[in-house]
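As written in TrEMBL, here are the features:
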- 4-131: domain 'Semialdehyde dehydrogenase NAD-binding' (DOMAIN)
- C150: active site, acyl-thioester intermediate (ACT_SITE)
- H242: active site, proton acceptor (ACT_SITE)
Amino acid sequence: MAVRVGILGATGAVGQRFIQLLDGHPTFELASLTASEDSAGKTYADAAKWRVNTPIPEDVAEMEVDPTAPDAVPDDVDLLFSSLPSGVATEVEPEFLQAGYVVSSNSSNDRMAPDVPLTIPEVNPEHLDLIEVQRDERGWDGALVKNPNCSTITMVPTLAALDQFGLEEVHVSTLQAVSGAGYSGVTSMEIIDNAIPHIGGEENKMETESRKLLGEFDGVDVSLHEMDVAASCNRIPTLDGHLENVFAETTEEVTPEEAKEAMREYPGVDLHSAPEQLIHVFDDPSRPQPRLDRERGDGMQVSAGGVQETAAGIKYNCLAHNTIRGAAGASLLNGELLVEEGWV
Ligand SMILES: N[C@@H](CC=O)C(=O)O
């Protein structure tokens, strides 16, 4: 049976990715698009400056954009995807939850709230049961689920694979694509022929979200993973795909061959948008590369390569498409998990 879905903040870069990924989805039927007051009442084609590399689906182009308010969304919408700017989401998401909606959100607010599941379906699906705690504490019938930041989601699947060796210390340095900053995020004068060694708030997101994702859920609380994570985040002039250099120290010794095998064998999930194999591991030390590898698994696979031993553990590179696996695709997959587990 079709699940009727809506997108909060449908005209922005991530909202457009949601529309692209929902086109032809076997379960989700797009029934509502919301945006700011300026766009409300317009057709989607008039309201959105479409910048995704496939045409706007014809039926979506003609849909009317609603204001971002619970009484503007049809009651028979079962699931909302949120790509609102975090300042707006902080105000507006609770209104939808009070009104009983289930929201799968890419917005960065509340990711570390103790009663909000922060999930990657292949890594910590059991954290979804935090919804019970959330409903008890907040007294709403809705449910809020978050996916992590794009740079976190690129690294965490590989760490999840290595955790069997006892992760103690993780250092990561990122090379992040310009699309992560949004269409008007960095100007061409800033980024061409350049690299910017600062992305506001990003390092803290990687350092905290990764520990929550790999933390233990005891049915009431998630205790953060004990590993220390230190991140250094950099913007570079690639369009899509975040590349990251990871240095991981483990309690047990691990050879590069064992690390590669652990990543290759890390299990996937049986959900429509999930890749068959979560992590593709290259033996070629010059891969993964953003331009060549970001579209693997329709943008949902994580790639790793350059796995080597160091004096202090293992080092490797990993890559994921930041606006697909790292944003809209991540929320969509959480939505599929919510349906699979009976929350929708
Ligand atoms: N915060 C991230 C968003 C992911 O694409 C970034 O700035 O790159």
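Positions of Cβ are set from backbone N, Cα and C atoms, glycine also.
Please treat TrEMBL annotations as automatic predictions, because they have not gone through curation.
Less than 8 angstroms from the CB of H242 (active site, proton acceptor) sit C150, S151, T154, T174, L175, Q176, A177, G180, P290, L319, A320, N322, G326, each of them six or more residues away in the same chain.
According to DSSP, C150 (active site, acyl-thioester intermediate) sits within a helical segment.
Taking the domain 'Semialdehyde dehydrogenase NAD-binding' (4-131) as a whole, pLDDT averages 97 in the prediction. Helix, strand and coil content of the domain 'Semialdehyde dehydrogenase NAD-binding' (4-131), in residues and according to DSSP, is 41 helix, 26 strand, 61 coil.
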